[in-house]
Amino acid sequence: MSTHGDPAETERLLGLGQERRKTRKEVCTVIFAAVIIVAAVIVIVSLWTSLSYDDSYEKRNVILMISDGFGPASETFARDYVQYVKKLNYNYLTPLDKILVGSSRTRSSDSLVTDSAAGATAFACTIKTYNRAIGVNPEKVPCGTVLESAKHLGLATGLVVTSRITHATPATFSAHVVDRDMEADIAAQQIGDYPLGRQVDLMFGGGRCFFLPNSTEGSCRIDERDLVKESKERGFKYFSTRKEFDDLEPRKDKFPLLGLFTLDHMSYEIDRDPTKEPSLKEMSEKALKFLESATADSDKGFFLMIEGSRIDMAAHSNDAATHAHDIMAYHETIDLVKKYVDKHPGTVMISVSDHETGGLSLARQVSDLPQYLWYPEPVSRVKNSSFILSQELLNYWENDREAYIKNIIRSGLGIGDIDDYDVNWLNQNRTQLDYEYFLANITNFRAQLGWATHGHSSVDVNLYAYGQGSDALRGNHENTDIGDFIVKYLNLDLDFITYKLNRHVLRTFHQAFESTHFHNDEHHHH
Ligand SMILES: *[C@@H]1O[C@H](CO)[C@@H](O)[C@H](O)[C@H]1NC(C)=O
Ligand SMILES: *[C@@H]1O[C@H](CO)[C@@H](O)[C@H](O)[C@H]1NC(C)=O
Ligand SMILES: *[C@@H]1O[C@H](CO)[C@@H](O)[C@H](O)[C@H]1NC(C)=O
Ligand SMILES: *[C@@H]1O[C@H](CO)[C@@H](O)[C@H](O)[C@H]1NC(C)=O
């Protein structure tokens with residue numbers, strides 16, 4: 001016999017009828033027991049979450065390393081190249097190879113191919129946004145960043161880059177503008193001129209031109225604001241020379257520090273004059289020294305973002321040798337930071353690219369039949385970036401220009417068997433970019449390296465991590481997961497920062513809304 005359809009029987013089977021017959025006392029006991037159980041669950045869950053990361057180190061540091069425009073082919077390229085020039089065995093591994101944990105998917109909210117602005121905002125704000133966005137969401141509303149939230153919680157903060165400090169990647173952590181070209185505004189925000197006030201304790205890089213007033217030589221501002229002066233008024237120790245950098249000491253110099261070594265980007269590693277500009281490794285070493293010293297008496301650590309910024313720019317120019325030298329400088333910095341992590345439990349280093357650049361291919365068909373090879377040797381003979389050489393070509397128009405061109409190919413690119421076609425082509429009056437791309441292609445063709453674009457591509461990039469908690473990054477991730485990892489590791493609250501960034505806007509919006517509303521009401525009365 002089925003009881004199906006009999007409501008009373010269904011109630012009985014589910015025990016609902018008995019519920020009604022429970023006395024008041026029994027109900028109180030049940031509620032009391034439930035409260036105890038819920039409390040116990042809360043205690044257990046919170047204990048469990050606090051233990052899900054090794055909690056033995058209270059004080060935590062995050063070092064986020066970004067290799068801009070460094071795709072998987074560039075990694076193989078650099079390994080092959082290092083093995084070739086240093087005569088190492090095929091099983092030599094780069095400092096990154098040893099700490100590979102996974103990969104990162106890079107697309108932005110409006111394109112399969114991201115730019116650096118959306119790419120870094122994914123790390124900084126943990127959201128996908130549109131290409132060109134600096135620390136704002138797809139609706140162009142400022143989003144709280146991991147750097148700002150870390151600062152709010154009492155951690156020290158730093159940015160070390162080889163591009164202009166106002167360039168897309170460092171900007172997304174420390175500024176909020178709707179377009180990456182608004183570098184004059186980014187500079188002002190970076191020294192504290194925005195709703196949160198100063199958030200960055202240390203900035204090393206290039207890009208002085210956006211801090212100088214329009215009337216000063218080398219400025220790229222259209223207004224007369226002198227951000228060097230303003231930064232000093234806001235307490236920054238400002239400096240711009242190698243000597244001042246070398247003389248910096250945590251003993252006598254305190255945060256905030258602003259070191260801008262060049263007007264524009266810092267030099268490519270292949271072109272860098274070490275008596276004028278520190279290397280990425282040297283800047284990172286000094287930054288770590290200062291961050292460690294500044295947090296020595298605190299139970300809070302630091303957040304430091306280090307970017308090998310110009311790995312990307314060399315790839316934009318398809319300049320293989322320059323790309324290799326900036327990657328090797330990044331490798332040296334990785335080695336330094338790994339040693340720091342070894343000595344400082346509670347520190348995690350993440351290394352990731354925002355995207356691939358150049359569509360690099362480690363083989364290029366240069367004749368009817370494909371050959372299975374590429375040659376590092378022509379790359380190893382290059383002495384200068386194509387960028388620097390292109391500037392020489394742009395500026396030298398004496399009668400002996402042809403000999404001058406030959407000398408550039410011979411000494412700059414290290415090529416003995418000079419092709420007349422190349423000399424004639426370079427002898428014409430062309431643009432700087434034309435010269436630059438052409439020079440790079442001379443080496444690429446001989447090395448049999450292919451490049452699909454002067455822009456970015458959408459291939460997944462490798463993800464590396466080292467130190468406490470880094471196992472959580474194993475596998476294939478969305479780029480926003482890297483930001484989420486930092487949030488969790490440092491126990492940050494980005495929503496609160498987003499609220500702080502926008503509350504004045506919300507108030508303004510609210511007032512505007514009310515006055516419009518009021519105005520409309522009046523209008524209706526007429
Ligand atoms: C300086 O300002 C003038 C006038 O606004 C502008 O035309 C010029 O381009 C500015 N200089 C720079 C370097 O931006
Ligand atoms: C090219 O590199 C060589 C070797 O480092 C250097 O002496 C030379 O000045 C560089 N040329 C340019 C144009 O910078
Ligand atoms: C090269 O071309 C540009 C643009 O047409 C021109 O301004 C410049 O004077 C030319 N330079 C020479 C050396 O002919
Ligand atoms: C690169 O150089 C090769 C050899 O001179 C030439 O055939 C090819 O068209 C060049 N490619 C580009 C993009 O300039």
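Using N, Cα and C of the backbone, Cβ positions are placed for all residues, glycine too.
Among E307, E332, E356, only E307 appears in TrEMBL as part of the Mg(2+) site alongside D68, H167, T169. S116 (active site, phosphoserine intermediate) falls within a helical segment according to DSSP. Sequence-ordered, the extra residues of this chain that approach the Zn(2+) site, with Cβ no more than 8 Å from the Cβ center of D68, D312, H316, D354, H355, H456, are G69, F70, D115, S116, G119, I311, A315, S353, E356, T357. Looking at T169 (Mg(2+) binding site) and H355 (Zn(2+) binding site), their Cα atoms lie 12 Å from each other. Here is what falls inside 10 Å of the CA of H167 (Mg(2+) binding site) among the recorded positions S116, H316, H456: S116.
Cα-Cα distances to E307 (Mg(2+) binding site) place none of the recorded positions S116, H316, H355, H456 within 10 Å.
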